[in-house]
Amino acid sequence: MREPRPLIALDFPSFDDVKSFLAQFPPEEKLYVKIGMELYYAVGPEIVRYVKGLGHSVFLDLKLHDIPNTVKSAMKVLSDLGVDMTNVHAAGGVEMMKAAREGLGKGPKLIAVTQLTSTSEEQMHDFQNIQTSLAESVVHYAKKTAEAGLDGVVCSAHEVEAIKSATSNDFVCLTPGIRPAGSAIGDQKRIMTPADARTIGSDYIVLGRPITRAEDPIAAYQAIKAEWNG
């Protein structure tokens, strides 16, 4: 099921920055936010508790990638934090992903990273030594993720149709690299607009700078939300 709220990436370095940003929104506006490595490593689990305490939903984007036992234990901790969604690297393998699912339990959604949106096909060939197309690599990871019993994947919106065709329409596709029409590309090479992502079948979209660095973050969020919901 498509999430009607665009996820806001809280890419801030401090707790105070997060508090200041979220304070701009009225209490009745319940957001879905992404907490990534920078913020989580700077502040720790308390940032998740704080955001959840405000009534917002949390996608904890830590991209775990380790041996199955370690990932399982870490997921048990994240489950106790009350996260709504978290992720692992699909490259960790099916057994690692199964262990992650077991550790997290059945409540939160668990998705896997396929290829980062900053990765070009040339980089994948030269550095990862994967000699298929980028799209084929992503679909392969998605099929293995489904095999492991996870809910979906993080992927570029460009791969959504192929992924759902290879798995199922219920398989979740969360797409970063979303930018409102006319905005700067930044460091992500494969981008789409919210309207494009909706049309192509994305279930979740993630935006950071177009909202967090906007002159009026609330207006920017509402405009993107309206575009996402058509």
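Just so you know, glycine gets a Cβ as well, placed from its N, Cα and C.
Annotated features, as they stand in Swiss-Prot:
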BINDING   Asp11, Lys34, 61-70, Thr117, Arg179, Gln188, 208-209  substrate binding site
ACT_SITE  Lys63  active site, proton donor
Practice task
Work out the three-state DSSP category of Thr117 (substrate binding site).
Solution key: coil
Fill in the blank from the handout: One should report the C-alpha separation between Lys63 (active site, proton donor) and Thr117 (substrate binding site), rounded to whole angstrom, as 14
Exercise for the section: Tell me the Cβ contacts of Gly208 (substrate binding site) under 8 Å, same chain only and six or more apart in sequence, or just say none. Expected result: Ile8, Ala9, Leu10, Asp11, Lys34
Handout entry: Secondary-structure category, per DSSP, in which Gly208 (substrate binding site) falls
Key = coil
Practice task
Quick one: among the recorded positions Asp11, Leu62, Lys63, Pro68, Thr117, which has the most Cβ atoms sitting within 10 Å of its own Cβ?
Solution key: Thr117
